[in-house]
4 protein chains.
Amino acid sequence: MKKIGVFTSGGDSPGMNACIRAVVRTALHEGLAVAGIRRGYQGFIDGDIYDMDHHSVSNIIQQGGTILRSARCSEFHSPEGRQQAYENLAKFGIDGIVAIGGDGTFTGASIFMQEHPEIKFVGCPGTIDNDLLGTDYTIGYDTAINTAMEAIDKIRDTASAHDRLFFIEVMGRDAGFIAMAAGIATGAEAILIPETHTDIEGLIKKLEWGWENKKNSSIVVVAEGDEAGGAHKIAEMVKARLSRYEIKVSILGHIQRGGRPSCMERVRASRMGVAATQALIAGKSNVMIGIVNNQIVYTPFHQCIKEHQQMDSALVEMVDVLS
Amino acid sequence: MKKIGVFTSGGDSPGMNACIRAVVRTALHEGLAVAGIRRGYQGFIDGDIYDMDHHSVSNIIQQGGTILRSARCSEFHSPEGRQQAYENLAKFGIDGIVAIGGDGTFTGASIFMQEHPEIKFVGCPGTIDNDLLGTDYTIGYDTAINTAMEAIDKIRDTASAHDRLFFIEVMGRDAGFIAMAAGIATGAEAILIPETHTDIEGLIKKLEWGWENKKNSSIVVVAEGDEAGGAHKIAEMVKARLSRYEIKVSILGHIQRGGRPSCMERVRASRMGVAATQALIAGKSNVMIGIVNNQIVYTPFHQCIKEHQQMDSALVEMVDVLS
Amino acid sequence: MKKIGVFTSGGDSPGMNACIRAVVRTALHEGLAVAGIRRGYQGFIDGDIYDMDHHSVSNIIQQGGTILRSARCSEFHSPEGRQQAYENLAKFGIDGIVAIGGDGTFTGASIFMQEHPEIKFVGCPGTIDNDLLGTDYTIGYDTAINTAMEAIDKIRDTASAHDRLFFIEVMGRDAGFIAMAAGIATGAEAILIPETHTDIEGLIKKLEWGWENKKNSSIVVVAEGDEAGGAHKIAEMVKARLSRYEIKVSILGHIQRGGRPSCMERVRASRMGVAATQALIAGKSNVMIGIVNNQIVYTPFHQCIKEHQQMDSALVEMVDVLS
Amino acid sequence: MKKIGVFTSGGDSPGMNACIRAVVRTALHEGLAVAGIRRGYQGFIDGDIYDMDHHSVSNIIQQGGTILRSARCSEFHSPEGRQQAYENLAKFGIDGIVAIGGDGTFTGASIFMQEHPEIKFVGCPGTIDNDLLGTDYTIGYDTAINTAMEAIDKIRDTASAHDRLFFIEVMGRDAGFIAMAAGIATGAEAILIPETHTDIEGLIKKLEWGWENKKNSSIVVVAEGDEAGGAHKIAEMVKARLSRYEIKVSILGHIQRGGRPSCMERVRASRMGVAATQALIAGKSNVMIGIVNNQIVYTPFHQCIKEHQQMDSALVEMVDVLS
């Protein structure tokens, strides 16, 4: 291993910069050169690659977003595109790569390595959704749930002042991890997630009960990918049946992707960046770095792609008890 | 003046609790009794009124929302409703009232005082919109613009990572004050407000220019009451013409009404609450308290209702220079 | 088990309220009565105990501090005091207790149970220091490190503007967990903790090297219990040797104990509160609830008291690589 | 006017970057060249000056600190130093300068202009202390009071949990503006500022009264420049007399200088930067830009240096009423 490239791909998430910084500083500390590749796989195709030194990553650990940016790239889906990518990497002398992203990113890396096995990829789990197998926490999740929670706390203030029922949609197309954590943390009356069946009748009964028992506001947190629909749709269904309540909808949206990373986010992202670089040096490849039970673990890309992190049923059960 | 009532009405706003606390503590300090009226004019009708002491307002200065809550009340629109309200006030011995709210609240108070002139009302401007005549700052505005700004800062992170164009809708049905402050503070490329004509052609040209000059993200802040439509509608119009850009929309929504009040919010809300109570004691009535040029001023309700705060043209001009 | 008491003791920490809420709601959900005991063991002695219902814990999940308050209590150290405590518990019909606190709290509970075995105690780890054996995270730690990090981020701004060297002292009399996380997350040049030997010579060399290599600010995070002394003392030692640098000291202090709990704090504190209550119902006693590898575990009090959580050596090694 | 230089000097303050950005963008918009001078007057001496374009100030509006940095500079105190500074400015073609700082900064500019009248200086008030004559708000004040308030809010949590009396020292060597705003906003029981006589006897009586009337915590906010001493000294005096209370001291320190600027901070700093640049173009010089009653005003440097902003007596009186 002589020169390591690092890039971010897929939806950006807070903590990616901390991870990039750790990759760069670890590579330099180990005597390797290191280069940044901009805009995900698009930068492979375009040769948008630049050498990085110690100062390239100064003062970024606390910043949201990613200094290397991200993009979709259709050209990388073709063998010709990947060939061009390979030639660019060869030109820059890159023989190992830390890929920070989600399962789409790792799929791309897997295919690339089948064609160009002399380039080694190690992945770091960068997504706010926390649904990747092989790690307790993905980079971005802890910050996203804090952002969602703070937003819902604010909405609770105004919901209580007006005796309102709010349906709040958080991110999570395939997974309810953000909804679950932000919902429990804000005392949501119900949390609707893709992993469980959404029982609209049961929800309406629960909300009626809460209202009659003098709750002066109710919050239902909805993961955007809930199988019963998003917050707007579910609110409509409920409104048709609970007409006497004032119902409002709020879609938290893209604020959940940005913001300064939380402390544990930065620590974990740093640790994964260090581990990914050390793994490349140790000859590992085709694996994603994760932290499980506070230990670094390595999960083959194909496994991360196929399976997903399971929702903890203990959390699901808690919601009814606590609200 | 023997006993002062205090209530909040209309949309709630951060800082209302600091104002309530100041009214209660000032009344007690001046030897008066003080009562809280719950849920706006609805509490007048229902007699939902309770005596308050020093501890009733402990530990609320930092809380968003309003401990007295708010509600719409159609019964207060009829003379019969107001008669009932009057009787409840008489029953509780209330002869002066601090009304925390917006022009709807003051309209109600004006009509009531015509019928029942022995009850004196003084108003405090409670609305996040900052559009009331007679005060430089309304209670809630400073917190709302900080909330909107922090949300847009987060969106900027992800917009920059992905070269995206975001249309972000902030509150402001009739006024662009939130949009203007939050837009300037986040370096928005354009700010669309009800007070000025929205030139979609000009906007598109500006966005094209920005894109070609290597801006890696663009933010357009839209007040919900902009005459060209909300963020979704404007985004559609732009998308039809700038098809090559990835355009996203975010509606900040009700997070702008909640949250812990900022420092100046609490200071100003406290000051207005003190002044309102002192004004009642001094025999003033039918006026709204404001702070203009750092001095307490009194503006007749009918004037606050008729006219609105003007947008500062200096700010409008700054947007083009700075973005 | 008929009636559960809950109290907080020792230094307060953010998330204690979320834990109290979970205990109360779980007990009620399981058909048990529940009472709050105020001001730690002092409330046992004074009989400062009150029945709680569903609303007693409304709207507290997001609040720092503890609604049950905390205090030191010398009377509980004597058998007479504990006898009085026992009689008060009997009077209120309390036969199970959730104790939220640290090792001092659990020591008190252990001694009490030897004398009065018919009262069962289960503990929840409430301390910002994270040094309790038997849990990956204590209640308060995640919030405290975010608070410390945000403070250090702010200091970094001004340190960079002025080319300054800052010694920043964080809490941790016996443990460096807060220092380690907050230091890594803010890119500290060095982190001095009780668990490792502090090499002042090495520190000075490192700071000199950093300065000569054009770092425009340096941050050294010091745990208050570092064996070389607190931040003031260490700054003096360094100042004597690095006279050309402008050195400043900041003691973060009690801000680290307060503040609204983070999202994971609330989730974990809730989960532990639920588990503690269920453990009492299941007949468990004399154990502390912990979360290890995302699972609920039970550690005997005597073990929590004797041993401490070990610092992860991987983190210690990372500091030199990353700064 | 052909080329404008901009620098920051004295203690840094949040919002300085927003002001720099506004100067640069306004100059470019008006067709002028613009250069940044680093590290205050030291950069004049060293010729540490660089040309700035539109991108030089991208993405800085939200950052604390100052990208141009600041420093003390003894050489500028001598005519020889100032001659060298003049030659450097001439070499870079700079004929107008925006100076962002406090009265020390403006004193330097005044002396320089007497010797080198062909260089024009206009000032922007950059200090967290808010004590400059000629403006309602200095750049940094609004953010600093929010930072201080949030810290005190956190301390209130733990103070309440433990029935403690806290003496909290905030910045303000000569002025109590930060103490006054942060103290009112956090419901402080007393606020000790340099502008008023500190009556220790009266303070002790007040604290005793509060304690006996069941306040479960007390906060005294002390400006560092209070004539009775800092928080540590005053706490000692009180402790000697109120021995039964647990008294703690917290020095908020340098966190008050950093952090992301608040919304109004960014808006005002931007507005002042625009106005300063336009003033230079309009031929103004030797004046500080201020915002008074929401209008731009110009105050001669010698006046800003001689006199200070007065504390509003209405605020002083409010403290006793509200606490």
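Every residue number used here counts from 1 along the chain in the order it is shown.
Cβ coordinates are placed from backbone N, Cα and C, and glycine is handled just like the others.
Small disclaimer: the values here were computed from a predicted structure and weren't measured.
Feature list (source: TrEMBL):
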- D:Asp129: active site, proton acceptor (ACT_SITE)
- D:Gly11, D:Arg72, D:Cys73, D:Gly102, D:Asp103, D:Gly104, D:Thr105: ATP binding site (BINDING)
- D:Arg21, D:Ala22, D:Val23, D:Val24, D:Arg25, D:Arg156, D:Gly187, D:Ala188, D:Glu189, D:Lys215, D:Asn216, D:Ser217: ADP binding site (BINDING)
- D:Asp103: Mg(2+) binding site (BINDING)
- D:Thr127, D:Ile128, D:Asp129, D:Arg164, D:Met171, D:Gly172, D:Arg173, D:Glu224, D:Lys248, D:His254, D:Ile255, D:Gln256, D:Arg257: substrate binding site (BINDING)
- D:3-280: domain 'Phosphofructokinase' (DOMAIN)
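Structure with TrEMBL features highlighted.
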| residue | record | Cβ contacts under 8 Å, 6 or more apart |
| --- | --- | --- |
| D:Val23 | ADP binding site | D:Ile4, D:Val6, D:Val34, D:Val98, D:Gly273, D:Val274, D:Ala276, D:Thr277 |
| D:Arg25 | ADP binding site | D:His54, D:Val57 |
| D:Arg72 | ATP binding site | D:Gly40, D:Gln42 |
| D:Cys73 | ATP binding site | D:Arg39, D:Gly40, D:Tyr41, D:Gln42, D:Phe44, D:Ile45, D:Gly81 |
| D:Gly102 | ATP binding site | D:Ser9, D:Gly10, D:Gly11, D:Pro125, D:Gly126, D:Thr127, D:Asp129, D:Leu132, D:Thr138 |
| D:Asp103 | ATP binding site | D:Leu132, D:Cys304, D:Ile305 |
| D:Gly104 | ATP binding site | D:Ser9, D:Gly10 |
| D:Gly187 | ADP binding site | D:Arg156, D:Ile219, D:Leu322, D:Ser323 |
| D:Asn216 | ADP binding site | D:Ser160, D:Asp163 |
| D:Arg257 | substrate binding site | D:Gly11, D:Asp12, D:Ser13, D:Pro14, D:Ile128, D:Gly140, D:Ala144, D:Met171 |
Listed in sequence order, the residues of the same chain lying six or more positions from D:Ile255 (substrate binding site) whose CB sits under 8 Å from its CB are D:Thr147, D:Ala151
Binding-site residues D:Arg21, D:Arg173, D:Glu189, D:Lys248 vs D:Thr105 (ATP binding site), shortest C-alpha separation belongs to D:Arg173
After the CB under 8 A filter against chain C, the remaining binding-site residues out of D:Gly104, D:Thr105, D:Arg173, D:Gly187, D:Ile255 are D:Ile255
Max CA to CA distance in Å over the substrate-binding set D:Thr127, D:Ile128, D:Asp129, D:Arg164, D:Met171, D:Gly172, D:Arg173, D:Glu224, D:Lys248, D:His254, D:Ile255, D:Gln256, D:Arg257?
33
Given the binding-site residues D:Arg21, D:Arg25, D:Asp103, D:Gly187, D:Arg257, which pass a C-beta cutoff of under 8 Å against chain B? Sequence order please.
D:Arg21, D:Arg25, D:Gly187
Any idea which of the recorded positions D:Asp129, D:Glu189 has the thinnest Cβ neighbourhood at 10 Å?
D:Glu189
Which of D:Thr105, D:Thr127, the listed binding-site residues, has fewest other Cβ atoms within 10 Å
D:Thr127
Cβ within 8 Å of the ATP site's Cβ centroid: which residues qualify beyond D:Gly11, D:Arg72, D:Cys73, D:Gly102, D:Asp103, D:Gly104, D:Thr105?
D:Ser9, D:Gly10, D:Gly40, D:Gly101, D:Gly108
Work through the binding-site residues one by one (D:Arg173, D:Lys248) and point out the residue whose CB has the fewest other CB atoms within 10 angstroms.
D:Arg173
Report, as a single number, how many Cβ atoms besides its own are within 10 Å of the Cβ of D:Gly11 (ATP binding site).
20
Would you count the other CB atoms within 10 A of the CB of D:Met171 (substrate binding site), including those on all shown protein chains?
25
Would you count the other CB atoms within 10 A of the CB of D:Arg21 (ADP binding site), including those on all shown protein chains?
27
How far is it from D:Arg173 (substrate binding site) to D:Glu189 (ADP binding site), counting Cα to Cα, in Å?
21
Fill in the CA-CA distance, D:Glu189 (ADP binding site) to D:Lys248 (substrate binding site), as an integer in Å.
15
